[in-house]
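Undergrad: To start, I am sharing the structure in question, which I have written as structure tokens.
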Amino acid sequence: MALTAALKAQIAAWYKALQEQIPDFIPRAPQRQMIADVAKTLAGEEGRHLAIEAPTGVGKTLSYLIPGIAIAREEQKTLVVSTANVALQDQIYSKDLPLLKKIIPDLKFTAAFGRGRYVCPRNLTALASTEPTQQDLLAFLDDELTPNNQEEQKRCAKLKGDLDTYKWDGLRDHTDIAIDDDLWRRLSTDKASCLNRNCYYYRECPFFVARREIQEAEVVVANHALVMAAMESEAVLPDPKNLLLVLDEGHHLPDVARDALEMSAEITAPWYRLQLDLFTKLVATCMEQFRPKTIPPLAIPERLNAHCEELYELIASLNNILNLYMPAGQEAEHRFAMGELPDEVLEICQRLAKLTEMLRGLAELFLNDLSEKTGSHDIVRLHRLILQMNRALGMFEAQSKLWRLASLAQSSGAPVTKWATREEREGQLHLWFHCVGIRVSDQLERLLWRSIPHIIVTSATLRSLNSFSRLQEMSGLKEKAGDRFVALDSPFNHCEQGKIVIPRMRVEPSIDNEEQHIAEMAAFFRKQVESKKHLGMLVLFASGRAMQRFLDYVTDLRLMLLVQGDQPRYRLVELHRKRVANGERSVLVGLQSFAEGLDLKGDLLSQVHIHKIAFPPIDSPVVITEGEWLKSLNRYPFEVQSLPSASFNLIQQVGRLIRSHGCWGEVVIYDKRLLTKNYGKRLLDALPVFPIEQPEVPEGIVKKKEKTKSPRRRRR
């Protein structure tokens, strides 16, 4: 489709009308360029897909929404906007699209959040009820559907009242009533515990109401994980050929795709035996009480028992073999080098893939049959069986995918990382098996790049080390396929608005020197606080261990510090805003993930402190396997993995400072390697052009460590 004069005029008219809706709107050349580039790509005038880096201040959201809506209307397609997290998804849904609706009154839009973000009306009704009979009726579903106390019941009753009177849409983030994680776990549901069309509340269920709204909407706001799942199952979203897709925060896409394809499952032999026994009893109950018209051969008791017995024997053998590979001790891990399994393990995985797939098919067949049963049956008993079969299907589906992935030598031209872990829970040892591909470009090509005609991938940061090469390698986007890569200029004058401060630290921030380095960092930070030059500050760490140690050095400043983990992030930011608005000093402290998407302008944030260059962890099974693979190709892992990742992280962290033309301040980076190592210049060259200062550092007095047992974290 060509960009007609009428279409261009429509885009220009909306852009002009938008300027009148936004106070102090500043026209920006990069924004106009982005609108033009997005329009050309979505209309098919230039290239296949577009990766466009739009630095903070460009106004990228409105720059893709305006041309996206215009072209979607012209082509009678649906514009799907996907983000990496719920916060940005909600911002687009609750702020940006309502703003556009002022200039496009008939605009229809909705949001597609994951099932776990919505309340389950069945669970809410039970938890809000004061009638024991109501709770008893729903308790048959094996869920914890009774309130813990009267206060919790009253809270649920208020939520139910808001839902029933349409004051609340059922989304966790859209109510002012405090809901802790434990209560929300009982209020929401997952795919395995949902009765779907068989539920009494199906028609009014917020999740399914939202899904039905997708069919009528011109714009759907989703997230990357949901889009990947929708493309895989060909459900939820319209047909790919009838889509225009924008992937905001597109730098997350390869990781989200990899997470979606990562498979982990418990394979502890006694636990597995129990699951198989429960499934055979479940099948027997279905055959006895809800006999299907056509009996699957595998459902015959003798055959099913033999099938499950073979499956169990293979799992037991695998347990024995894996325990031999793992080091002694209750908690242990073994990774298979280059993802290559021994022949005996590979043969077991291949057979397990076939056997679990057959059980998955059997569970699906019974579930479909049960779902079609009429009201002539005992509805309580039927629904109980549907839920149990649904959960069995979920288990065998995951197992089937795991063993299929374990049987693969490569995925997307790279090895599949495979490892086993043993851990202790409540005095019992549990064995797990894990698989994840280190490259997902083939899957992205199949699900996205080849399926959807034109896609926009955008973010404030898509490049690392001034190059799109890492994005291209990880995502599979490539110029020879007609994909375009554009980096827009920043609208800000960084040279005049801020500066980078690299204190003259006495040591590098290595593990060996960590204690002295943090002592010096704390001393310099204290000096900055005492200067009273900045009201709003942000301190970012590469690890929780370092952050905790830093806090040990500044205990007298603790009341000023708002630390990640003390409260949910949005509450910390809310409190920070209130403090600064009242003229008080406030310091946000967290890990690098805490800063992503943080938008604090002016005095709210005028000094950012960065503990050190954040290289990725090198002890993750995925990173180790990728390193082995790169070395086998005579490529240098530091150049391919570590440095691009560190560059990307640093750009993101530094980008927290200048968010508008009125922002000012300093970025303090406590890492002398930026000036002493060869790669330091490359990292600095990829940052906005700030003047650099190198002040002296007060001597830090090293404190003695208190001996504490560090919690074991699960690696991947």
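Numbers here mean position along the shown chain, with the first residue as 1.
Even glycines carry a Cβ here, placed using N, Cα and C.
Swiss-Prot feature annotations, pasted as is:
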- 1-114: region 'HD1 domain N-terminus' (REGION)
- 17-294: domain 'Helicase ATP-binding' (DOMAIN)
- Ile26, Gln31, Lys60, Thr61, Asp599, Arg656, Arg659: ATP binding site (BINDING)
- 115-216: region '[4Fe-4S] domain' (REGION)
- Cys120, Cys194, Cys199, Cys205: [4Fe-4S] cluster binding site (BINDING)
- 217-261: region 'HD1 domain middle' (REGION)
- 248-251: motif 'DEAH box' (MOTIF)
- 262-438: region 'Arch domain' (REGION)
- 439-491: region 'HD1 domain middle' (REGION)
Undergrad: Which bits of the chain, at least 6 residues beyond where the region 'HD1 domain middle' (217-261) starts or stops, bring a Cβ under 8 A of a Cβ in it?
TA: 38, 42, 51, 60-61, 64-65, 68-69, 71-73, 75-86, 88-89, 92-93, 97, 107-114, 211, 405, 411, 436-438, 440, 443-444, 447-448, 451-459, 461-462, 471, 474-475, 597, 622, 648
Undergrad: Taking Cα-Cα distance, which of the binding-site residues Cys120, Cys194, Cys199, Cys205 are within 10 Å of Arg656 (ATP binding site)?
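TA: The binding-site residues passing the 10 Å Cα test: none.
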Undergrad: How many other Cβ atoms sit within 10 Å of the Cβ of Gln31 (ATP binding site)?
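TA: Result for Gln31 (ATP binding site): 21 neighbouring Cβ atoms inside 10 Å.
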Undergrad: According to DSSP, how is the region '[4Fe-4S] domain' (115-216) divided among helix, strand and coil residues?
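TA: Summed by class, the stretch gives 62 helix, 2 strand, 38 coil.
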Undergrad: Can you break down the region 'HD1 domain N-terminus' (1-114) into helix, strand and coil residue counts using DSSP?
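TA: For the region 'HD1 domain N-terminus' (1-114), the helix, strand and coil counts are 63 helix, 13 strand, 38 coil.
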Undergrad: Please list, in sequence order, the residues in the chain of Arg659 (ATP binding site) that are at least six apart in sequence and whose C-beta is under 8 Å away from its C-beta.
TA: Thr56, Gly57, Asp599, Leu600, Lys601, Leu605
Undergrad: Looking at Cβ-Cβ distances, which residues of the chain lie under 8 angstroms from Cys199 ([4Fe-4S] cluster binding site) while being 6 or more apart from it?
TA: Arg122, Cys205
Undergrad: Where Lys60 (ATP binding site) and Cys120 ([4Fe-4S] cluster binding site) are concerned, what is their Cα separation in Å, rounded?
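TA: Pair distance, Cα basis, whole Å: 35 Å.
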Undergrad: Could you give me the DSSP helix, strand and coil counts for the region 'HD1 domain middle' (217-261)?
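TA: Tallied per class, the region 'HD1 domain middle' (217-261) gives 25 helix, 10 strand, 10 coil.
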